[in-house]
Amino acid sequence: MSDLTIKRRVMIPVRAGKVMAEFISFNGDDSGKEHIGIYFEGSQDGSVDAVPLVRLHSECLTGDVFGSGRCDCGEQLDEAIDRINQEGGYILYLRQEGRGIGLYAKLEAYALQDQGYDTYQANEMLHLPDDGRDFGIAAKMLQALGVSKVRLLTNNPDKAQQLLEHNIDVIELVPTKVHVNQHNRLYLETKAKRKQHTLKFD
Ligand SMILES: Nc1nc2c(ncn2[C@@H]2O[C@H](COP(=O)(O)OP(=O)(O)OP(=O)(O)O)[C@@H](O)[C@H]2O)c(=O)[nH]1
Ligand SMILES: [Zn+2]
């Protein structure tokens, strides 16, 4: 994949106009996925020179748009907007629905989970990778934005590892809260057990 360049920056007042966010598109990603950078200026003193707080957020239509209780994505996205709007930084909204397998396949995986398979086994039953995401694209987006150092908002060590491998300096791992409910507890526990997500449950 060649380097990315910035195509367009457009201000959008989000959260019913209460939060100003700059949506950024890119040239040069031949996947055609239309990944989006979202910049928040931040309201804290000194945030201009600070290392930006960055969240790599993988698309989850069911969670992000409809607030699904089967995962924690919608709540994490809200948390990211709150924090990054305070501290200044970026959400990179990556079009990697279902950890890269797509929305229809995620629904197939959910149907298998309803029969008792866990979140990773269900993908494997479909002959799909348990996590098919490549965060190299996020590193390219950061490079196009002129960002070489980040504070990363995540509990997923793989995101930091992949950024480091692509020459982005992750100077701090900032944990997200654990948004647990009766529907997503097994999903979250399985991420901690199988993929070393740093989740602390009550
Ligand atoms: N295949 C599959 N994907 C899921 C399932 N539940 C949620 N997802 C997807 O998992 C992804 C979660 O992305 P993130 O919240 O960015 O990342 P994360 O790996 O949980 O790491 P954090 O940064 O700690 O939140 C989204 O693309 C969801 O659509 C599931 O049961 N099966
Ligand atoms: Zn989700």
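One-based numbering along the chain as shown.
Placement of Cβ uses the backbone N, Cα and C atoms for every residue, glycine included.
Feature annotations, courtesy of TrEMBL:
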DOMAIN    11-175  domain 'GTP cyclohydrolase II'
BINDING   Arg55, Leu56, His57, Ser58, Glu59, Gln76, Glu97, Gly98, Arg99, Thr119, Thr154, Lys159  GTP binding site
BINDING   Cys60, Cys71, Cys73  Zn(2+) binding site
ACT_SITE  Asp131  active site, proton acceptor
ACT_SITE  Arg133  active site, nucleophile
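Put simply, of the recorded positions Cys60, Cys71, Cys73, Arg133, the one whose Cα is nearest the Cα of Glu97 (GTP binding site) is Cys60.
In the vicinity of ligand 1, defined as a Cβ distance under 6 Å, the following of the recorded positions Arg55, Cys73, Arg99, Asp131, Arg133 are placed: Cys73, Arg99. Neighbour counts of Cβ atoms within 10 Å were compared for the recorded positions Arg55, His57, Arg99, Arg133, and the top value is held by Arg55. Under a cutoff of 8 A between CB atoms, and with a sequence separation of 6+ in the same chain, the neighbours of Glu59 (GTP binding site) are Tyr93, Leu94, Arg95, Gln96, Glu97. Only Arg99, of the recorded positions Arg99, Asp131, Arg133, Thr154, have a C-alpha within 10 angstroms of the C-alpha of Cys60 (Zn(2+) binding site).
If you draw a 10 Å sphere around the CB of Thr154 (GTP binding site), it holds 22 other CB atoms from the protein chains shown. The domain 'GTP cyclohydrolase II' (11-175) scores a mean pLDDT of 95 in the predicted structure.
The two recorded residues Arg99 (GTP binding site) and the residue listed as 'active site, proton acceptor' have their Cα atoms spaced 5 Å from each other. With a CB cut-off of under 6 A applied against ligand 2, the binding-site residues Arg55, His57, Cys60, Cys71, Cys73, Arg99 are reduced to Cys60, Cys71, Cys73. Within 8 Å of the centroid defined by the CB atoms of Cys60, Cys71, Cys73, the record's Zn(2+) site, lie the Cβ atoms of Ser58, Thr62, Gly63, Asp64, Ser68, Arg70, Asp72, Gly74, Gln76, excluding the listed residues themselves. Nearest Cα neighbour of Arg55 (GTP binding site) among the listed recorded positions (Cys71, Cys73, Asp131, Arg133): Cys73.
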